[in-house]
Amino acid sequence: MKESKKVKWIHEKVVPWGLPIVLLVAWQGAVEAGWLSSRVLPAPTDVVAAAWDLLEKGELWQHLSISFGRALIGFAIGGSLGFVLGLLNGVFRPAERLLDTSIQMIRNIPHLAMIPLVILWFGIGEEAKVFLVAIGVLFPIYVNTLHGIRNVDAGLLEMGRVYGLRPWQLFWRIWLPGALSSILVGLRYALGIMWLTLIVAETIAADRGIGYLAMNAREFMQTDVVVFSILLYALFGKLADSIARFLEKRWLRWNVNYQNR
Amino acid sequence: METGRGAELVFVQVAKQFGDQQVLRRIDLTVKPGEFIAIIGRSGCGKSTLLRLAAGLETPTSGMIQLDGQLLHGLNTAARVMFQDARLLPWRRVIDNVGLGLKGDWKEQAITVLEQVGLADRAKDWPSVLSGGQRQRVALARALISRPQLLLLDEPLGALDALTRIEMQRLIERLWREQRFTALLVTHDVDEAVMLADRVVLIEDGECALDLPVRLPRPRQRGDAAFADLVDTILRRILSTESDEKVIAASSMSEKRRAL
């Protein structure tokens, strides 16, 4: 009994990490054997050393907090705008008629294409990055919120009215929970776009942040720092995804599709 | 809201039109307080529309609906509706569905109603794990917790299997006899109508074509000859529109037979 539990634990927790570990060891081996130039790809140990170095000098925290701050502020502004617009246009038809066409037109411009214009407007200061992130996350949140609200079961809304719910109760008890799974899909997309936008914006025009760290390292041929920066983005991406997953699990407990996941 | 007393519901020359389509032409119907009325008719005859008018979800094109002598306008706050699908909120647990829209300390009351429908042990479950019959029982508990004066049932048992349906009919009858609310049941099942109702009303061509009292003692037995007779009479009346007089004659015959 105990033995089989242990086997199960190994299967669930250890096996998924097998391949990454083998790759890492092979990578280290290839660099040490001289098959792979450290110009192309530095050994994992070198990357760790570079990370340690940055950490010690205190540089890392500075860049990290800057990037994090930009991501959060941009996300908060764009996300809440998209959310409110999605709710408004989903619940009130006249609002949708007035706004949706315009929003869809702007949505179809790739927001990264606006970088030259944004630099002209804001220079390479904080506003430019925050603006781009906000524009980037606005649309996935908007589209999915609108879609979610639209698909709220009309039968449930009718039931709510018959059972004497006031408009704000209808919103909190039926509209919002009914749209939530769709809104969370939007959140997940938006988090992905948030990082993507930030990487591009910081790489092109920045004097601080992880993107700047990577570009600066490139100029000095510090491949280890470049690789480390890329890993940082991967880590944050994974973190954001885990947060979205956690919220799904918590808020959609009632939905059989999200149970035991 | 008064408890233990049903509301009186009166339809006065009610007509309802959707666009060009005349669904109800002229409905005159008086439902006495505490009475159980079954409304039957072929599908698309407007029986559900009649119920929605009583709930205040639709407004009549002409005519009026009175509730205890008051003209009904807007949502009917004295009424609760049971729909064909249970319409439970999937994101609220059973007990929170029952207490939907209530203020104050309703938890205890909710447990009591859930006990009445036999589901007190499922209070903490999500609706998704319940069977169709259990969901309808939760919907019934939700309808009854606020002690409505009028219960509107829109084919609530239509989607259930035969055994569960019989169980639910018994449950509804028992609770109706205890609480004496006025009940309006829309159904396509003549058996069910005769089982539960004091009067069976047939809607045809947008009018009340038949208004037949059911004078069988409760609880009624399906195997009973008088029961089967009445069901047969109503069915023949629905199915044969051309030989109207004959069937009505037959129906009054069978009534006389029962009286004997």
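Please read every residue number as a count from 1 along the shown chain.
Even glycines carry a Cβ here, placed using N, Cα and C.
According to TrEMBL, the domain 'ABC transmembrane type-1' annotation covers A:60-244. As annotated by TrEMBL, transmembrane segment applies to A:71-92, A:104-124, A:130-149, A:170-200, A:220-240.
Relative to the transmembrane segment (A:220-240), the listed stretch A:170-200 leads the set A:71-92, A:130-149, A:170-200 in CB pairs under 8 A.
Sequence-remote contacts of a segment are chain residues at least 6 beyond its ends whose Cβ falls under 8 Å from one of its Cβ atoms, and for the transmembrane segment (A:170-200) they are 67, 70-71, 74-75, 78-79, 82-83, 86-87, 90-91, 111-112, 115, 129, 132-133, 136-137, 140-145, 147-149, 151-153, 156-157, 160-161, 209-211, 233, 236-237, 240-241, 243-244, 247-248, 251-252, 255, 258.
Residues of the same chain lying 6 or more positions beyond the ends of the transmembrane segment (A:71-92) and with a Cβ under 8 Å from any Cβ of it are 99-100, 103, 129-146, 148-150, 171, 175, 179, 183, 186-187, 190-191, 194-195, 197-198, 236.
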